[in-house]
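Peer 1: Dumping what Swiss-Prot says about this protein:
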type: BINDING; residues: C16, C19, C38, C41; note: Zn(2+) binding site
type: BINDING; residues: P121, T122, G123, S124, G125, K126, T127, L128; note: ATP binding site
type: DOMAIN; residues: 4-57; note: domain 'ClpX-type ZB'
Amino acid sequence: MGDNKNNGDSGKLLYCSFCGKSQHEVRKLIAGPSVYVCDECVELCNDIIREEIKEISPKRDNDKLPTPHELRAHLDDYVIGQDRAKKVLSVAVYNHYKRLRNSSPKDGVELGKSNILLIGPTGSGKTLLAETLARSLNVPFTMADATTLTEAGYVGEDVENIIQKLLQKCDYDVEKAQRGIVYIDEIDKISRKSDNPSITRDVSGEGVQQALLKLIEGTVAAVPPQGGRKHPQQEFLQVDTSKILFICGGAFAGLEKVIEQRAHVGSGIGFGAQVKGEKDKATISQTLSQVEPEDLVKYGLIPEFIGRLPVVATLTELDEEALVQILSEPKNALTKQYNALFEMEGVELEFREDALKAIAHKAMSRKTGARGLRSIVEGILLDTMYDIPSIEGVVKAVVDESVVNGESAPILIYERNDAQAASGEQ
């Protein structure tokens, strides 16, 4: 409650200039030059403005939808390699949003929903592809980890919390959320594996697949606007998930063996098999590209769930050369990001070619793919980023192979053009 009488006319009863209610009939009366407005009229004005904005918002749909070629070009700016996956994703995403813009069935033909399944090793770019597409289309995007999801009634995260997160990303604007993209990672971890005694999830993950089924296919999810139990009497928001694009991703370790068994590819499985080298890695990628729905069923996904993910794209494992490109070529490449950080201190950061190769080699040996690059670069530059704000006159820092291998610190170049190797001494 505000103090309504301290408006310069302490003995006079004040009224809202819009609705005529007195200061005693409203919670707050705001004074202006010879005019007063109550909190109820302010709220009414806000409602009117919100409604007008909502009426204008659908007109955005008339904006030109990027073609598959344009989507692919945008992906090329941020993601290295994975050409086949980019093409599959670009077409699927284009068709999805074309379907939303032409929701009225033509000649009785109703377009089905094309959710996407991405199969590829850790650090190959699955999450980045989904995130980059959402950014290029300017639609809300959220991520979920399938391993944290449970059926209703189990301890864990309810599948409808995914929609809650999407709503949060667009300030609970339902219309915006219904044009969004949801990426569910580690989807292979909820596969049904009855032959694995270590599985402790409910019904070996099948229950979670069943819970996700309706959400992915399309249902009207009732979501509390502020997150559930804290406000039990609030009205629920109704979100139509049939308009949301779901992209599921997973490494699917061992899936190539399932495919080989079906296709009778004699690549050598068992104790007598040869140790896999670079050639075998290419063979694994080629084998995964031949995946069929029946292989995914045998792997542990239920047929109904696979049916809701009709578009399948496989990603190849990144080699050392690709990791070097990832470090320097994309618009938001790691080296460019750290260079921007150093520029804020007035320092130029240079990564020499041998340093990039050494970083890529280290990431390959850790088997983390592109995902492990940031932690490696962060470790290399930690001491330098700690010291530089306190050192006067540094204009350039140089990172070479010896720095990556821990044999020396980055070379610091000062204004007087003396090149000094930063010693570890205090």
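FYI, residue positions are counted from 1 along the chain as it appears here.
Glycine residues also receive a Cβ, built from the backbone N, Cα and C atoms like all the rest.
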Peer 1: If we check Cα distances from C41 (Zn(2+) binding site), which of the binding-site residues T122, G125, K126, L128 wins as closest?
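Peer 2: Checked the binding-site residues T122, G125, K126, L128; minimum Cα distance to C41 (Zn(2+) binding site) goes to L128.
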Peer 1: Taking the Cβ of C41 (Zn(2+) binding site) as the centre, count every other Cβ atom within 10 Å, in any protein chain shown.
Peer 2: 18
Peer 1: Would you pick out, from the binding-site residues T122, S124, T127, the residue whose Cβ has the largest number of other Cβ atoms within 10 Å?
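Peer 2: By the 10 Å Cβ neighbour count, S124 comes out on top.
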Peer 1: Between C-alpha atoms, which of these binding-site residues comes nearest to T127 (ATP binding site): C16, C19, C38?
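Peer 2: Answer for the nearest of the binding-site residues: C38.
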Peer 1: Can you tell which of the binding-site residues (C16, C19, C38) has the fewest other C-beta atoms within 10 angstroms of its C-beta?
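Peer 2: With the binding-site residues C16, C19, C38, fewest surrounding Cβ atoms within 10 Å: C19.
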Peer 1: Whole-number Å distance between the CA of G123 (ATP binding site) and the CA of C19 (Zn(2+) binding site)?
Peer 2: 61
Peer 1: Report the mean pLDDT of the predicted model across the domain 'ClpX-type ZB' (4-57), rounded to a whole number.
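Peer 2: The average pLDDT of the model in the domain 'ClpX-type ZB' (4-57) works out to 78.
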Peer 1: Does DSSP put C38 (Zn(2+) binding site) in a helix, in a strand, or in coil?
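Peer 2: Looking at the DSSP assignment, C38 (Zn(2+) binding site) belongs to a strand.
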Peer 1: Out of the binding-site residues C16, C19, C38, give me the one sitting nearest to P121 (ATP binding site) by CA distance.
Peer 2: C38
Peer 1: Please determine which of the binding-site residues listed here (G123, G125) has the lowest count of neighbouring CB atoms within 10 Å.
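Peer 2: Sparsest of the binding-site residues G123, G125 by Cβ contacts within 10 Å: G123.
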Peer 1: Around the Cβ of P121 (ATP binding site), how many other Cβ atoms lie within 10 Å? Please give the count over every shown protein chain.
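Peer 2: Excluding its own Cβ, the number within 10 Å is 22.
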Peer 1: Other than C16, C19, C38, C41, which residues of the same chain sit close to Zn(2+)? List them in sequence order, counting a residue when its Cβ is within 8 Å of the Cβ centroid of the site.
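Peer 2: For the Zn(2+) site the neighbour list reads S17, F18, G20, K21, V26, L29, Y36, V37, D39, E40, V42.
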